[in-house]
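**Q** Sharing a structure with you now.
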Amino acid sequence: MAVKVCITGAAGQIAYSLIPSVAKGEVFGAKQPVIMTLLDIPPMMKVLEGVKMEMVDLALPLLQEVIVTDDPLVAFDNVDAAFLVGAMPRKEGMERKDLLAANVKIFQAQGDALEKKAKKDVKVLVVGNPANTNAAICSKNAKSISPANFSCLTRLDQNRAQAQIAEKLKVPVPTVKNVIIWGNHSSTQFPDSRFAIVEKGAEKVPITTVNNDPAFAEYLKTDFIKSVQQRGASVIKARGLSSAMSAANASVDHMRDWWQGTKDRWVSMGVFSNGEYGIPAGLMYSFPVTVANKKVTIVEGLDINDFAREKMDLTAKELKDEKAMADSALEQKK
Ligand SMILES: NC(=O)C1=CN([C@@H]2O[C@H](COP(=O)(O)OP(=O)(O)OC[C@H]3O[C@@H](n4cnc5c(N)ncnc54)[C@H](O)[C@@H]3O)[C@@H](O)[C@H]2O)C=CC1
Ligand SMILES: O=C([O-])CC(=O)C(=O)O
C-alpha cells in the first residue's frame, strides 16, 4: 500500500529539493510507493501546478499520485507523514524567534487540521521556523494524536556539526558519529562533541583521544560551537536566502531515520522532553535519540558536566520564553 505524505510550503525553496527525494524513495524506502499531497497558500497555486507538472515529468516508478491544494483539510486527509515546511523564512539580521508572531498561527491552524484529518499515527516533522516552538504549538492543537508523533528538525545542525569535525580531522563525514545537538534550533543550541567517535576501520576512537591535540580540544569547546550555532546566519549572509538544499537533505535524513530506524548511531531530533537530563517536561527540545520500529527513545545516562549543564539550561530557558511568547501571540490574535 502507498504511504501518503504531505509537504507544506510546497511551492517554496526547501520543498523544491525535498519533493524529488521523497518521490524517489529516499525517505520511505526504495520499494515503497507514495502518494504526495502538496499544500501552499492560494497565491502560490499556479506555481504549485508547475511543480506538479515537473513531478509528473520525473517519470518515477514509486510516485502514484500528486494532489495539489491550498486547503489543509485536503492536504492532511489520511496522511501517514507530514513535513511542515510552509512558513516565512528569516532575513539577514533576524533571529529565528523573530518569526514567531508571523508563523505560529500557521502551526496552530495546521494542528487543528491534522487533528481532524490525519491518521492518528501520523509522523509530523516541523521544519518551518522557529521549528521547536511551532512543533509544540502544532501538537497542542492536535490533542488526539500522541505528542510522540511530533518532532522538529535539528538534523541540519547535526549534519553541519558532523561535517565541520570531519573537515577539521580530514576524515570521511560518515565516520564521525554521535555528535549531539541539544535544545533549540537557534543560536543558543548546544552542539556537543563530547561523546562523538571517529570510526577507523573496526575501531571506534573517542573524539577526545583522536589526535590528542590541545588546539583541537579547545576548538571543540569554542569555535566549533559558535560556527554551528551561526551557520544558518552565515548561509543567509552569503546567499541572501536561507539554507534550502541542506535543509531538505536534513529533512530527508530525519524522516528516513524515524521511519526506517537509526541502527548503530544516535541522531538528534527535537522531541517533547519527559524530564530527561533535567529539561522541563513538555519542552520541545533537541536530544540524542535512537529509533526502532518508528519509536523514538532518548539516549539516557550521559554525563552532564558544568560546561554542558550551563549551555543546556540556557537553550531550555530560551525555549520556555519562546513558548510563552507564542502563547501570548496566539492569545492576542483570538
Ligand atoms: N529547521 C531547520 O533546520 C530549517 C528551517 N527553515 C525554515 O523553513 C521554512 C521554509 O523555508 P523556505 O522553503 O526557504 O521558504 P520559502 O519562502 O521559499 O517557502 C515557504 C513556502 O511556504 C508557503 N506558506 C506560507 N504560509 C503557508 C501556509 N499557511 N500553509 C502552507 N504553505 C505556506 C509560502 O507560500 C512559500 O511557498 C522557513 O520558516 C525557514 O526559516 C529553513 C532552513 C532550515
Ligand atoms: O537560519 C535560518 O533562518 C534557516 C535555518 O533554520 C537554518 O539554516 O538553520
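For all residues, glycine too, the Cβ spot is worked out from N, Cα and C.
Under the heading domain 'Lactate/malate dehydrogenase N-terminal', TrEMBL lists 3-149. Taken from TrEMBL, the feature NAD(+) binding site applies to D40, N103, V127, G128, N129. Sequence annotations record features per position, and here TrEMBL assigns substrate binding site to R90, R96, N129, R160. According to TrEMBL, the feature domain 'Lactate/malate dehydrogenase C-terminal' maps to 154-324. Feature annotation from TrEMBL assigns active site, proton acceptor to H185.
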**Q** Between D40 (NAD(+) binding site) and R96 (substrate binding site), what C-alpha distance do you get in Å?
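**A** Here the two Cα atoms are 21 Å apart.
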**Q** Drop a 10 Å sphere on every Cβ of the recorded positions R90, R160, H185 and tell me which sphere holds the fewest other Cβ atoms.
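**A** Relative to the other recorded positions in R90, R160, H185, R90 has the fewest Cβ atoms within 10 Å.
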**Q** With the Cβ atom as the reference point and anything under 6 Å counting, tell me which of the binding-site residues (D40, N103, V127, G128, R160) are near ligand 2.
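**A** Among D40, N103, V127, G128, R160, near ligand 2: none.
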**Q** Let me check the 10 A CB neighbour count of N129 (NAD(+) binding site). How many other CB atoms are there?
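**A** 27, counting other Cβ atoms within 10 Å of N129 (NAD(+) binding site).
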**Q** Counting only residues 6+ apart in the same chain, whose Cβ is under 8 Å from the Cβ of V127 (NAD(+) binding site)?
**A** G9, I14, F83, L84, V85, C152, L153, A247, S251
**Q** For N103 (NAD(+) binding site), what is the secondary structure state per DSSP, taken as helix, strand or coil?
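**A** DSSP call for N103 (NAD(+) binding site): helix.
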**Q** On average, what pLDDT score does this prediction assign to the domain 'Lactate/malate dehydrogenase C-terminal' (154-324)?
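**A** That stretch averages a pLDDT of 97.
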**Q** Listed binding-site residues are N103, N129, R160; which of them have CA atoms within 10 A of the CA of H185 (active site, proton acceptor)?
**A** N129
